C-alpha cells in the first residue's frame, strides 16, 4: 500500500471537490476504503478536529443574544476547506455497521452526508418488485433506471438492487418511501392440494375435488364463469368441479394465498369468505365485485383489490400501446385516460410518451365469446378508424376508438357493456345478503325485458337484481332500493 495511504486511512479524510483521480480504481479505493493509491492524493487532506475561528466568533456573537436558538452546540466542528459544520459524534469511526460489519468505517466528505442515511434498512420488500431488494453502495458501470420514479440512477451513489440479480434498481429515497418497508417474510402457501395428476382440492372449495380440463374448443355457455375473477369461461384451460358447477380459470386456481402488489405497501391475503353474500369495492379501480379479493394483512388497513387488479405488475405491456406502462407516483391525481377517457382510480403511465391507461382497461380480457357467433371476439382499440361500426346488440355506433370487441371473420362488433354487462365484476346466480333484504343476481336472458322499479327504464344490461319479486337494472339503482328497505323496514 502507498505510504500516504497508510497515513490517511488511520484518520477520517476530507476529499476536495477539485480532486482528480488517475483511474476509476483510485477513486473507488479512496471513497470505499480511504486508501490513496496514486499521486492524485494532493487534494486529500486529514480532517483535523479544529474549530474554525470564523465560526467560533459567529457562535460567540450568537450566544450574546441569549436566546435558545442562538446557543451553539459544544460538539460542533468546523472544517476549513468547505466551511462545513458537522457534529463530533457524526465523524467517529463506526464498528460493525450492518452494511460492512468486517471493518471499521470512517467518514469521508464529498458532499453533505445525512446521518439518517446510515440507518436505512439493509434489505426491504418493495411492492413494485417481486423480489426483495438490498442496499448496494458499490460503484458499477451498469446503467439503471429507477423502478419507482423511472429516472436515471447514478451508480456512483448508493441505491437498492434486486437480491436475485435482476437488472432492477431503485433510488434510496424512492425505495424507502411509504410503499417500501423492512423485509417481512411470509410462507408461500399454495391455494390447492394436488390429489393426483390433474385432480386438486382448492382451499375455497374443499368439499369437492376439481379436475383439470385442457380442452379449448368447448361449447360456449353464458352461465359458465370463473368464481375468482368473475369473467366468463372462453377458450381457456380450466379447473371444473367434479360434482357441481364451480369453475376456475387455471391461472385463477393457482393464485397465491399471499402476495405483494404495486399499489400497496403491505402484504395482501386472498379472501373468499365474502363471496356470494356481499359486495366489496376494489380500491385500484373503484369497482364493485363479488369474486375473490386480496385484503391487506395489516389489522387497521381495509385495502382490498379484486384479483384482476391485483394481477397487474410493473412494467405492464398493454395491448393498446407499444411502450411499457408504470404506476405513477401520485395515482390519485386527476388525468384523463387515453383509452376510456375516464379519470378514476389508479392509473398507469407510459415512460416514453403521454399515454395513460386505467386499471379497468388494463384488466379487460384479450378475447371473449358471444353466444351468437362461433368465432372468438378480440378486444380492439384503434386511434385512427375508417368507416362506421355498429353494435350487434344495441344497434348503436360502436367506434373502436372507444374500445370494442370485434370478430374479424364475421365483422361482428359489440360494446363492452353489451357483451360483459354494466357491472362487469359481479357474478350472477348468487344471493347478496343485506341486513333488511336479500337480493338475487340473475342473468338477464329473458325474451321480454322488464322495467326497473327504481328508475323506470328498461332492464337492458346482462344481469338484473331481484328484490321482493321486482327487478332492478343496475347496482346504482339497487343502492337506492336497499337504502329504502333499510329506512322503512
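Cβ atoms are placed via backbone N, Cα and C, with glycine included.
Annotated domain 'DC1' per TrEMBL: 128-175 (among others), in sequence order.
Feature annotation from TrEMBL assigns domain 'DC1' to 203-253 (among others).
Annotated domain 'DC1' per TrEMBL: 263-310 (among others), in sequence order.
Mapped onto DSSP classes, the domain 'DC1' (371-418) shows 6 helix, 15 strand, 27 coil. Positions annotated as domain 'DC1' by TrEMBL: 371-418 (among others).
According to TrEMBL, the feature domain 'DC1-like C-terminal' maps to 439-478. Away from its own ends, the domain 'DC1-like C-terminal' (439-478) comes close to residues 222-223, 279, 288, 290, 394, 417, 419-423, 426-432, 485 of its chain (Cβ-Cβ under 8 Å, at least six residues beyond either end).
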### Residues in the domain 'DC1' (203-253) grouped by DSSP into helix, strand and remaining coil
4 helix, 13 strand, 34 coil
### Taken over the domain 'DC1' (263-310), the model's mean pLDDT
86
### Task
By DSSP assignment, list the helix, strand and coil residue numbers for the domain 'DC1' (263-310), in that order.
4 helix, 19 strand, 25 coil
## Note on the structure
Grouping DSSP H, G, I as helix and E, B as strand, the residues of the domain 'DC1-like C-terminal' (439-478) number 4 helix, 15 strand, 21 coil
### Task
Would you mind splitting the domain 'DC1' (128-175) into helix, strand and coil residue counts from DSSP?
4 helix, 16 strand, 28 coil
